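One structure below.
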Amino acid sequence: MQPVQILTLVLLALGAWAAQESTEKAGYCPDFRQVLLDRRDCKQLCNDDASCPQNMRCCQRGCSWLCMNTTQEKDGLCPVATSHSSSSEEQQRKQLCDKTCKTDLGCEGKAKCCASSCGQTCFMPVKAKPGRCPAVTGICPEKKSWFHTCQRDDQCKENKKCCSSACGRRCTNPFPEEYEASQDESTLLAL
């Protein structure tokens, strides 16, 4: 093969890889409650959303990565319930106890169905922090414990986002929004 042909193939492969990296499907991975895990049962059946068929996403379940059907939720995050509520916030919560729900679709407008002291009720969502979580690579080492230090962005200090890692969800410095756009542009320029 000529060097020009080899270079062209390499650039095409890199372009396809970069495009695959940025593919994220709509919807969310279903909630998962961690139980004791036998690490011998760990499986990596997908690497990212692009490796899953149709609308399925690559979701972490314990130490395994599986293609799963997503849950459809409204934008934003449920607010974190605090024990130090002001009287006006407490009054608002009591009013909301009359508006129970099962899913986001049961709430009017932009409100989300969130856990509260009176069950599932409708709340106005908290916005996710800007930026993009880094891609998850590898699997959690056998000797390292697997756990979440956060569930949502609003539980992370400063600009950090709550992102998946090989060993659970952690507060992480995100890539800026422009990072994804500049990667797409460089891929197009390379082709």
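Each residue, glycine too, has its Cβ placed from N, Cα and C.
As given in Swiss-Prot:
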{"type": "SIGNAL", "residues": "1-18", "note": "signal peptide"}
{"type": "DOMAIN", "residues": "22-71", "note": "domain 'WAP 1'"}
{"type": "DISULFID", "residues": "CYS29-CYS59", "note": "disulfide bond"}
{"type": "DISULFID", "residues": "CYS42-CYS63", "note": "disulfide bond"}
{"type": "DISULFID", "residues": "CYS46-CYS58", "note": "disulfide bond"}
{"type": "DISULFID", "residues": "CYS52-CYS67", "note": "disulfide bond"}
{"type": "CARBOHYD", "residues": "ASN69", "note": "N-linked glycosylation site"}
{"type": "DOMAIN", "residues": "72-125", "note": "domain 'WAP 2'"}
{"type": "DISULFID", "residues": "CYS78-CYS114", "note": "disulfide bond"}
{"type": "DISULFID", "residues": "CYS97-CYS118", "note": "disulfide bond"}
{"type": "DISULFID", "residues": "CYS101-CYS113", "note": "disulfide bond"}
{"type": "DISULFID", "residues": "CYS107-CYS122", "note": "disulfide bond"}
{"type": "DOMAIN", "residues": "126-175", "note": "domain 'WAP 3'"}
{"type": "DISULFID", "residues": "CYS133-CYS163", "note": "disulfide bond"}
{"type": "DISULFID", "residues": "CYS140-CYS167", "note": "disulfide bond"}
{"type": "DISULFID", "residues": "CYS150-CYS162", "note": "disulfide bond"}
{"type": "DISULFID", "residues": "CYS156-CYS171", "note": "disulfide bond"}
Local confidence of the domain 'WAP 3' (126-175) - pLDDT mean: 83
Count of other CB atoms lying within 10 Å of the CB belonging to CYS97 (disulfide bond): 12
Inter-residue Cα distance where the pair is CYS107 (disulfide bond) and CYS78 (disulfide bond), in Å: 13
Cα separation, CYS63 (disulfide bond) to CYS140 (disulfide bond) (Å, whole number): 7
For CYS107 (disulfide bond), the number of other Cβ atoms found within 10 Å of its own Cβ: 22
Between CYS59 (disulfide bond) and CYS52 (disulfide bond): CA-CA distance (Å): 10
The domain 'WAP 3' (126-175), counted residue by residue under DSSP: helix, strand, coil: 3 helix, 13 strand, 34 coil
Neighbours of CYS67 (disulfide bond) among the disulfide-bonded residues CYS46, CYS58, CYS162 (Cα to Cα, within 10 Å): CYS46, CYS58
Cα-Cα distance linking CYS122 (disulfide bond) and CYS97 (disulfide bond), given in Å to the nearest integer: 8
